[in-house]
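Taken from Swiss-Prot, the feature (6S)-5,6,7,8-tetrahydrofolate binding site covers S109, L110, L111, P112.
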Amino acid sequence: MTKIIFMGTPDFSTTVLEMLIAEHDVIAVVTQPDRPVGRKRVMTPPPVKKVAMKYDLPVYQPEKLSGSEELEQLLQLDVDLIVTAAFGQLLPESLLALPKLGAINVHASLLPKYRGGAPIHQAIIDGEQETGITIMYMVKKLDAGNIISQQAIKIEENDNVGTMHDKLSVLGADLLKETLPSIIEGTNESVPQDDTQATFASNIRREDERISWNKPGRQVFNQIRGLSPWPVAYTTMDDTNLKIYDAELVETNKINEPGTIIETTKKAIIVATNDNEAVAIKDMQLAGKKRMLAANYLSGAQNTLVGKKLI
């Protein structure tokens, strides 16, 4: 069986790891260190570590791989292939050169578009109608190696980061399973990326999460979809942060300053943008409160909201 080092961290990576465990000999798993999670800051292992522990696989968790003791240990292994999927660190050249068959990455975009750490978020924020999975060889430069295989998938109007993450996670494992035999046999072909067409999807920053209502409704809607259910787009109402998990677009002829609540229905809070498409907030969370449907919030506040300004 092919001896593989797997490197990944979040839920996206777990379906790939499960497939590799079923089909090949995973001799080591490299992931990020345990991190404090939640209000109580409980030290929590990354999802990939949980899978690895279930199968009693050796786990390495370097804070930074380059120059680490873990790297020195990995370099002693007899390995055929390195597979990464959302690992979260660049690999040092010494590790890239280790496996006989090279190092490959499962990336959640149609490269060369959306290189970087947040390709699913950015594709939805940008209003793309499709995205996909790329299997490519790894090089020192971020997400720039030769493409081995690709498969596209449609982004539906009601998709958000959560739904696309789940679809792409499965697609990534399936495409890798189809692609690996030719890599192992040495019969695969690969195509260089066109660097002139490269775009980048940097990790989401806090400032990317705040909604600017002075934009077309479609852009605001895509931002909400592209940040839900994590890290979640937010606005401010009555000096209180308001996270928006779900919304829809509605046509309106009411002319109001962007950010103004122009109407409430039984199920939504409707907010003006800078064009004739308003945003209907359907699922929300006020700071310090539990997440709730707008319908539940409106049962006690419907008559007091119209005319308020979100900023």
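Just so you know, glycine gets a Cβ as well, placed from its N, Cα and C.
Between the binding-site residues L110, L111, L111 has the most other Cβ atoms inside 10 Å of its own Cβ, all protein chains included. A coil conformation is recorded for L111 ((6S)-5,6,7,8-tetrahydrofolate binding site) in the three-state DSSP classification, outside any helix or strand.
Same-chain residues at least 6 positions away in sequence with a Cβ under 8 Å from that of P112 ((6S)-5,6,7,8-tetrahydrofolate binding site) are, in sequence order, D143, A144, Q193, D194, D195, Q197, A198, T199. Compute the center of the Cβ atoms of S109, L110, L111, P112, which mark the site for (6S)-5,6,7,8-tetrahydrofolate; besides them, the chain residues with Cβ within 8 Å of that center are H107, K113, Y114, R115, P119, G132, T134, D143, Q150, Q193.
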